Amino acid sequence: MTPPPISWTTRYGGAPAAIDRMTGQELRAEYMVEGLFVPGTARMAYSHIDRMVLGGIVPTQAPIDLGDGAPVGTDHFFDAREAGIANLGHYGGKITVDGTTHHLAPRDVLYVGRGVKALSLESDDAANPACYYINSVPAGADHPTRLIPQAESKPLTFGSAERANMRTLRMYIHPEVAPSCLLLMGITDPAPGNVWNTMPPHLHERRMEAYLYFDMDAEDRVMHFMGRPDNTRHLVVGSGDAVLSPAWSIHMGAGTGPYAFVWGMTGENQVYQDVTPVAVKDLK
């Protein structure tokens, strides 16, 4: 059987002033990765912003293997990397890591530690596949591979219905839940009838972040704002689209309908509170 196709793209990022001169299409080409979830394929992106890899993997008839290290310059993909893999679909699947199989229900996350040699992703039902989303970053320490079911994540509630920004953030890969070297990962759901995420916004100069929007109706979009607080830009984002957020950029959004997003971070530390708040009145 022919192995399922795995495609790779690269995103380079740039200096803050560079986005001032970009057209909307140029901004999308550099800071977005669109349409990650395609049945029977793995669509991967390598970002030069802190060397994060993100991707969507949708196994159907055959498993999809992610053990090859050639795209990251090593013998095996996880020789110098760790990762979080979330099942964002509505059906179950399994991930086999060095011979040990982990079953992932929807909204479960698997942390994969440095040093893994073989990793294979499958769906329980090819006609109703799992949709896996991966964030992978360089790691300088070993931590054991671990399944984090949704029930074991740590929920935090922010905002208020009056401000249209009430949301529940679930920490999965975090020192308080499942330890890692540098990766942080979680899922945020705005409450019904609320539209804003990460409002009021903030910066974290010592970490980059990637957002993956999902669970959206086909006709809905999120208006994702990025850039420096005094000179913002926006991206119109659909379900299954990811946005790369450099450390110098705000990251906030408002949806035309219900949505959720996965956030993944890496950088100097794992202190979630290491942020610089930005007042709404200072946005331009």
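The first residue you see is number 1, and the count goes up from there.
Just so you know, glycine gets a Cβ as well, placed from its N, Cα and C.
Over in TrEMBL, the protein carries these features:
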type: BINDING; residues: H202, H204, E209, H251; note: Zn(2+) binding site
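H251 (Zn(2+) binding site) carries neither a helix nor a strand DSSP state and counts as coil. Neighbour counts of Cβ atoms within 10 Å were compared across the binding-site residues H202, H204; the minimum falls on H202.
Taking the mean position of the Cβ atoms of H202, H204, E209, H251 as the Zn(2+) site, the remaining residues of that chain whose Cβ falls within 8 Å of it are T198, P201, L203, R207, S245, A247, S249, I250, M265, V275. In sequence order, T198, P201, E209, Y211, H224, F225, M226, V243, S245 are the residues of the chain that are 6 or more apart from H251 (Zn(2+) binding site) and have a CB within less than 8 Å of its CB. In the structure as shown, the Cβ atom of E209 (Zn(2+) binding site) sits within 10 Å of 23 other Cβ atoms. In this structure, H202 (Zn(2+) binding site) is part of a beta strand by DSSP.
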